[in-house]
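What Swiss-Prot says about this protein:
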type	residues	note
ACT_SITE	GLU246	active site
ACT_SITE	CYS280	active site, nucleophile
BINDING	ALA146, PRO147, TRP148, LYS172, PRO173, SER174, GLU175, ASP209, SER225, ILE226, ALA227, THR228, CYS280	NAD(+) binding site
Amino acid sequence: MQYQLLINGVLVDGEGERQSVYNPATGEVILEIAEASPVQVDAAVLAADSAFAEWGQTTPKARAECLLKLADSIEQNALEFARLESQNCGKPLHCVINDEIPAIVDVFRFFAGAARCLSGLAAGEYLEGHTSMIRRDPIGVVASIAPWNYPLMMAAWKLAPALAAGNCVVIKPSEITPLTALKLAALAKDIFPPGVLNVLFGRGQTVGDVLTGHEKVRMVSLTGSIATGEHILRHTAPAIKRTHMELGGKAPVIVFDDADLDAVAQGVRTFGFYNAGQDCTAACRIYAQRGIYDALVEKLGNAVSSLKMGAPEDKSTELGPLSSLAHLKRVTAAVEEAKALSHIRVITGGSQTEGKGYYFAPTLLADAKQEDAIVQREVFGPVVSITVFDDEDQVLRWANDSRYGLASSVWTQDVGRAHRLSARLQYGCTWINTHFMLVSEMPHGGQKQSGYGKDMSLYGLEDYTLVRHIMVKH
């Protein structure tokens, strides 16, 4: 198993404190990995800074060829990546193979093509005898911090646009789920010039702070919690670094009386519980109009209770464990707080399961009120709440009454209503009669405390560039 760091094109052992990496399906230790030392973090950043002088000037074609080679290599090693991700995260193996790996490969291939389409504009003559042009240039060294819910996919979302734009990257995966990023490092070593891509391992307080605070780091890209985002913003503010933040969500799912309730129930069964609900866009905050509320609660209860939990390698498993014991305790505490409210009905689930591993039963909580914590705070687990509403204005007000602003969905047969709401919902994405669907060509990112900046799409590529004005006197 690959456990070494990638620094300046060389795989090396970490020199810091050893950390245990767990299998959440069993609670057992997979292996121990040594963190990067402060000296190694410095070496990785300096290597990236040195490599930028040449990599930043390479042609888009050359950068695209490297990204395509990496995509091909991931595809050729798909089963090994899937097994590592499943073992380290508890994800059902078939979900990683069929859903995640193809999407990861596609992200690298999309940005390989996008790199060759990004261009500045010839702006024209705005001053007599002078011609202005616009350039989009790479920024420099980018520090990327990836989360533990989709370790390899989020690494791809960060690496592909940054490298395509001509930046050099030092990435730190979560210390909870580092295995696929370290495997990726071994493949990238023989594809990219030394220093262009560096992969570290370690905790935020020992490695992340040293990395993001380094004077040579020009940009920090984070996918993580609001608390982590606030910390990084405070930590990097004195140096005025560019930041790119994706900080979670609490997606409202608005279901009107005219919606197809069977489609809603099956949709929430998938979109609310995929990856054990550990998804920033999970369909977790349902608002159902009064006329169909009881019927939807019944249909959802039947749908959610039919989800099969089990071992990740079992092909029939739909729901794996949570990522860590600490997170299991957080989810349990959130549900217990909700259950203590007299008006909450537990339709199904509501507790962790017996036996080994960090499993929590798929849970549906009915009759939640707008002010309840279960409605207002991200749980990030297999937990969905449902709240009754009366009219369009009320549900719009409630949906927007959130510090989050990442994703939302509206379920209705009324096209006019769908357009009205999608124009007024304060979320980076609104789906109509579906949820959770993402493609490489379209941007993903939030507003409010869900952060700013876009992943995927040409907008994501532009986020990793600087806009510069060039004026020529003639």
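From the backbone N, Cα and C atoms, a Cβ is placed for every residue, glycine too.
Feature map: Swiss-Prot annotations on the structure.
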residue	record	DSSP class
ALA146	NAD(+) binding site	coil
PRO173	NAD(+) binding site	coil
SER225	NAD(+) binding site	coil
GLU246	active site	strand
CYS280	active site, nucleophile	coil
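Using a 10 angstroms CA-CA radius around GLU246 (active site), the recorded positions that qualify from TRP148, PRO173, GLU175, SER225, ALA227, CYS280 are SER225, CYS280. The two recorded residues, GLU175 (NAD(+) binding site) and the residue listed as 'active site, nucleophile', have Cα atoms 19 Å apart.
Taking Cα separation as the measure, the residue listed as 'active site, nucleophile' is nearest to SER225 of the binding-site residues ALA146, TRP148, PRO173, SER225, ALA227.
Its Cβ taken as reference, GLU175 (NAD(+) binding site) is surrounded by 19 other Cβ atoms within 10 Å in the chains shown. Other C-beta atoms found within 10 angstroms of the C-beta of PRO173 (NAD(+) binding site) number 27, with every protein chain shown included.
Applying an 8 A CB threshold to same-chain residues 6+ apart, the list for ALA146 (NAD(+) binding site) reads MET154, ALA155, LYS158, ILE171, LYS172, PRO173, SER174, ALA181, THR223. Within 10 Å of its Cβ, the residue among the recorded positions TRP148, SER225, GLU246, CYS280 with the fewest other Cβ atoms is SER225. Cβ neighbour count for ALA227 (NAD(+) binding site): 10 (other Cβ atoms within 10 Å of its Cβ, all protein chains included). With ALA146, PRO147, TRP148, LYS172, PRO173, SER174, GLU175, ASP209, SER225, ILE226, ALA227, THR228, CYS280 listed as the residues that bind NAD(+), the site has a largest C-alpha separation of 24 Å.
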